[in-house]
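**Student:** From TrEMBL, here are the annotated features:
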- 224-319: domain 'Ig-like' (DOMAIN)
- 407-479: domain 'Ig-like' (DOMAIN)
- 509-603: domain 'Ig-like' (DOMAIN)
- 612-708: domain 'Fibronectin type-III' (DOMAIN)
- 710-805: domain 'Fibronectin type-III' (DOMAIN)
- 907-1002: domain 'Fibronectin type-III' (DOMAIN)
- 1020-1108: domain 'Ig-like' (DOMAIN)
Amino acid sequence: MLGHMGHLPDELLELVLNEMPCFYLSFISEGGSTELSGLFVEKPPEGVVANAGSDVTLIAKVDSTSLTRKPVMKWLKGKWMDLGSKAGKHMQFKETYDRNTKIYTYEMKIIKVVAGDAGGYRCEVTAKDKCDSCTFEITVEVAQQEEKADILSAFKRADAGEDDGDLDFSALLKKRQEEQPEIDVWELLKSAHPSEYEKIAFKYGITDLRGMLKRLKKMHAPEPKHTEAFLKKLDSCYSVDKGKKIVLTCEVVDPNVQVKWLKNGQEIKPSAKYVMEANGNIRTLTINRTTLADDAAYECVVGEDKSFTEVFVKEPPVTITKLMDDYHVVVGERVEFEIEVSEEGAHVMWFFEDVELHKDKDSKFRFKKDGRKHTLIIPEATLEDIGMYHAWTNGGHTKGELEVEEKQLEVLQDIADLTVKATDQAVFKCEVSDDKVTGKWFKDGVEVLPSDRIKMTHVGRFHKLVIDDVKPEDAGDYTFVPDGYALSLSAKLNFLEIKIDYVPRQDPPKIHLDTTGNMVSQNTIIVVAGNKLRLDVEITGEPAPTVVWTKGEKIVTETEGRIRVESRKDLSCFVIEGAEREDEGNYTICVTNPAGEDKANLFIKIVDVPDPPENVKCTGVGEDTASMIWDPPKYDGGAPVKGYLMERKKKGSSRWTKLNFDVYPDTTYEAKRMIEGILYEMRVFAVNSIGLSPPSLTSKPFMPIAPTSEPTRLSVHDVTDSTCSLKWLAPEKIGAGGLDGYVIEYCKEGDTEWVVANQELCERQGFVVRGLPVGEKINFRVVAVNIAGRSPPALLGQPVTIREIMGQHPKIRLPRALRTKYIRKVGEKINLVIPFQGKPRPVAIWYKDGQPVDPKMVNVRSSNVDTILFIRAAEREHSGTYELVLKIENMEDRATVIMRVVERPGPPVNVRVTDVWGFNAALEWDPPTDDGNCEITGYTIQKADQKTKEWFTVYEHNRRTNCTVSDLIMGNTYQFRVYSENLCGLSEEPRVSKNTAVIAKTGLEMKKATYKEQDMSCMPKFTQPLVDRSVVAGYSTAISCSVRAFPKPKIIWMKNKMIIDDNPKYLMVNNQGVLTLRIRKPSTFDGGVYMCRAINELGQDEVECKLNVQVTRDKVKHFALYNL
């Protein structure tokens, strides 16, 4: 194959070389003497035999011990087809890495092999400057009864659609065809016209037209014949990315010939997608917005001649634009993992841990596609669903973690015992943590059923049992049992029976407080914020006592409103609707009558959910962890804080994930199982016996990152009497935190104290440690540093003795390009890199023309191994002889570089026509005064006749300073100009000849035609008169007329028979006989008769008009005030 590349066109050869694997290029460049690097430790077998319908797995292993970066593996079919873009249900690729052995394992799995998978394959691995490759063949064995249909399966595309299945065209064939003898389709195709290929392929079930055309070319390669229609044919193949534009170009002999463009043998009609253009001999076909349907064979037809090519459309990899979120749910909740990809209709593979999820196999999972959005749905999560979920495309990967907790129900408010009287209302109320939980009410173990008097409600997290018109039989134990939980809430209903006894008329007042119910201790009542407090106090006394409620020193007298007092016979009710924190305090009830008084003190305590925690922040991060700290809430709600609940989310996401279901008692927490490199935010809830606080303010975003692994391959590069040069490679694992630099440390052998050698981080992978004691044995180590901290150190295997290594003589390695004259153009950048050898480090000195170089004109930088002479923009004065002197003590080496900076020359001097004879003219000139600092290589001569003034080139690259211009046209006068030319090109300006060459006509005499000149003289005559008009004062106006006269008349404007001279108020304009007088902001004084008079030597004429200037009322009033 390589032996015939010399016969390929240059464009095709360039394309082949660009697409060819690196080991082929190495073979070409060095004549086949280079061997492969041998990166494979295990290769696929050379011959693989598979049965149709079975699965095949091919494995290749690569040793990365000697590699500086991760290798890249490609699986190819044939020469160019990259199978990475075909990843899907039919082909799957997998990559694993063993950190201990440093071996990468690559797998290619073909699901349900078909006959079309047969053929030659190649796996190619590359890593920077190293590469390796191996080839293997896959043979597919098909059952005997399927041999007739082999042509169908062999040319069905592997990527025709994952859900389409195998196409079956057997229904299109008539039954009687089964009795006909077998037809060799390939013989039929070889003898058919290309325009019939598609018809035959459809008839016999061939769907891969490109593969069919390739096989036809191999079976019957046409004899190369000489073409008379094309100067340059189409390239043999073109490659384009999907969605891009591609232009097919060829060149024909006849610029007027019509061409036809064919696609797979069918003629292409011009449209917005297919644009056909003809420009001289060039014929182009432009295909806009290419799709996979444009991957086909194309022809350009001129008569009987044809030019063939193939277009390969590459499908770009599908990337993931929106990553997957983590979920933290309880059993039974719905989970939706959602991602977005770069293209609609892309194939996405979902995995749970290492197991692929399929719609037909895993009925528990549902898959949803909506444009670029892809969603994995778990309707009801269970504990078995805990783990990591992955989404893969052929160009991206994302993952999300699912955590599922058992349902736990927390009682936020328990039901309390009640004591009520007959006909009163009893309300049992409780609050649980889940607003979706339902439950049942029981009385003495018997379920309570709703009725007109008994009602049960469920609103959010609150459950109520309301009993109206309480009766004695309603007394008993009431219990609320949540559905699905082993939990119950109980309270007792006490019925207060009123007994009537004989009371004497004078009875001191008495307050009878009920110490049950909400009272946690005598005279102390606890109320949850937002709840209602109704305190019924029984009062006795005769006559009926007067009741006064006070809070502190303030008397409560309101009978309506949020805080009120309701009075009944023998009963005083104190009511607080929707208790608030301000309602907390000491309350006093005082009852008096003529027989005496009684007092009772009560303390009402309002309890509420706590305030949110404060100052939530991240104090440290790890590879997948983060340490959080926060301050307790300022107000605990009147009840001690039991603990905290934490939530986190990815920045930019709106979904929060719970980190704990059990209350966490401390104010520091270490969040785990996060993804490195992703920004997270956290918030914290405080929990007390009343309930859950509002969330805290979101913490500042933080990113879990970890230090890098240790640097690799630390080695000693050079040692002197006081320095040691170290080199190393980057860490194998860097992570999302990146790499800021390196810290180099050393210590003497036997010591434990390490000394830092560099004050600032070293960004390069090499460092020279200076100031070391001579003869000591020193240990060295290197630590990588990033935002997460220091990595483990990389240590040298043994200490280094600080001692100068015997040196070598200075030697300059002058590049071959600098051994001859070095020529550059003015303005170009000059960068001379000259390597050298020598030890200890030599001293490099530059000279120009025997003098040290001027640092203002030339920049010089020297290192241990080379010296660089740099000029940012070359000028003529930089030309000269440069000498490099390399010294080590009394030894030296010299090298000379001759540099010349050139530019365009000036124009020639003294261009002249020396002789004219017949149709010829002789020119001579002198060389330019400025040759651009290099030899004049020639001249370009151009001519132009005086009529057209168009310049035409007569001679190019004329080396002499004279020439003869022939074939001049008789009767024309010619002028000449000459450009100078040197290595940089033509001079910017030409030199034009001082004289001209006149090519005279002979024997011809021009007779001038006689004609009588027409007399156009006439006296002035106005063709359009002036018109009377009325205008408003203060607004500029104009009057116009038109006159005809020859010679041109003199125009005189008059007002009331007085000539208007150079008054700036008036502007007189004469435009082609149209006369205009413009009056600027006229007043009443400008009214009158205006006249225009035109006078020439043949007579005069005049027109006039009357101008009336009117003043508005406002103007008149203003004018009168102004006069006053």
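Glycine is treated like the rest: Cβ placed from N, Cα and C.
Just so you know, TrEMBL annotations are computer predictions that nobody has curated.
Buried or exposed, and what's around them? Tell me for each listed feature.
**Tutor:** Taken through DSSP, the domain 'Ig-like' (509-603) splits into 3 helix, 60 strand, 32 coil.
Broken down by DSSP into helix, strand and coil, the domain 'Fibronectin type-III' (612-708) contains 0 helix, 42 strand, 55 coil.
Look at the domain 'Fibronectin type-III' (710-805): DSSP puts its residues at 0 helix, 45 strand, 51 coil.
In the domain 'Fibronectin type-III' (907-1002), helix, strand and coil residues by DSSP number 0 helix, 51 strand, 45 coil.
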**Student:** What does DSSP give as the helix, strand and coil breakdown of the domain 'Ig-like' (1020-1108)?
**Tutor:** 3 helix, 58 strand, 28 coil
**Student:** In the domain 'Ig-like' (407-479), how many residues does DSSP put in helix, strand and coil?
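**Tutor:** Across the domain 'Ig-like' (407-479), DSSP assigns the residues as follows: 3 helix, 37 strand, 33 coil.
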**Student:** In the domain 'Ig-like' (224-319), how many residues does DSSP put in helix, strand and coil?
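**Tutor:** Counting residues by DSSP class gives 3 helix, 49 strand, 44 coil.
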**Student:** Find the average pLDDT over the domain 'Fibronectin type-III' (907-1002) in the predicted model and report it.
**Tutor:** 92
